[in-house]
């Protein structure tokens with residue numbers, strides 16, 4: 001089956017619809033016009049650029065270029081996690097906790113999937129490695145950002161309870177037990193819901209794309225299941241690490257709650 | 001016999017506080033608001049970074065894990081917090097059946113929901129919650145601030161009896177002079193950045 005290539009001018013037709021939507025929202029004073037147009041422009045430009053980068057990368061297929069692109073993706077995701085928290089840790093920790101957790105979980109799961117499950121040769125073949133890592137990072141980023149935001153926010157609003165529990169001789173882990181459960185849950189819930197609804201309510205984007213590009217649905221479905229499971233594992237371990245490192249950092253070596261290590265992010 | 005000893009403790013505006021509270025002794029602390037009474041208690045409980053050393057008997061604060069220290073040297077804050085739905089869930093298993101009579105509760109209080117407690121009820125239950133954990137020393141921050149006069153007297157009497165039987169050293173922050181007269185073995189007043197002893201009935 002031949003894939004129908006899309007001409008650029010046909011994309012412009014879709015873009016015109018966005019402009020129409022922006023026009024309506026401007027007319028109705030809905031206040032989203034500007035961010036809608038900026039976001040649509042960013043999608044177009046960013047994806048066009050990454051398309052060029054991937055073309056070049058696929059042509060060279062050198063490990064160090066793939067490693068470099070992976071590093072850039074990780075750093076951008078780390079910055080995004082930091083920006084999405086209402087309150088975040090002071091200094092390098094805000095970046096370090098989230099980025100570290102995403103690095104360990106996303107990279108470990110991606111490499112495991114490439115070497116053991118999918119098995120392209122060489123294992124870092126960019127057609128497999130980059131899209132897989134991208135999906136891992138994208139989802140882990142959301143989970144880590146949601147859980148850290150919830151963690152820091154709950155600690156801030158429940159500081160008196162945490163301190164009272166410490167006064168009664170509880171360890172910092174005991175004093176944090178309810179908050180850690182909540183933070184973990186808010187990081188994991190979107191994916192658990194997505195897995196439950198997959199195929200019935202929603203056709204996941206990756207599978208849809210693969211089918212549009214001409215893969216037989218049976219193959220596309222297997223890849224989608226693999227990706228869903230891997231994403232959940234990666235997000236789960238990433239969230240777990242972020243929550244436990246992040247909450248440890250909120251206490252010092254004498255198990256005192258150190259809210260001076262949290263700062264409010266300006267928006 | 002364990003005493004509570006502070007050596008050159010500095011926290012906030014207070015500097016080089018040295019103090020020895022004997023077993024079963026009640027030392028009252030008073031001072032204008034913002035003078036650092038509560039912060040001193042927090043430092044003794046190791047909830048706040050501070051300088052100097054604190055001992056309980058032969059045990060130095062820094063030599064044991066912080067949560068062990070706080071289980072021994074227990075701070076009861078003026079404003080207690082409750083995080084489970086029911087009162088009883090906050091107490092160790094063995095203490096869920098009884099409440100000391102002096103506190104004025106029926107034993108059913110353990111099944112009450114937290115939201116129906118008044119601030120005075122919370123305060124009395126917070127004292128019982130702390131004592132039920134069997135600490136070796138007590139740090140009380142205005143323990144009767146939300147109680148009327150009669151209840152204050154009853155709670156004071158109960159606290160003093162417990163303090164004497166368990167031989168706990170106690171630091172008690174208070175501002176009511178009459179109460180200090182009733183409970184204190186010694187009275188220290190915060191002036192500037194030091195503690196000054198106050199004698200007799202002045």
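Backbone N, Cα and C define each Cβ position, glycine as well.
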Given ranges A:33-60, A:89-116, the stretch to which TrEMBL attaches the annotation transmembrane segment: A:89-116
Among A:63-82, A:128-148, A:191-213, A:225-246, stretch most in contact with the transmembrane segment (A:89-116) (C-beta, under 8 angstroms): A:225-246
Same-chain residues near the transmembrane segment (A:225-246), Cβ under 8 Å, at least 6 residues beyond its ends: 89, 97-98, 100-102, 104-106, 108-110, 113, 117-118, 132, 135-136, 139-140, 142-144, 147-148, 151-152, 180, 183-184, 187-188, 191-192, 194-195, 198, 204, 206
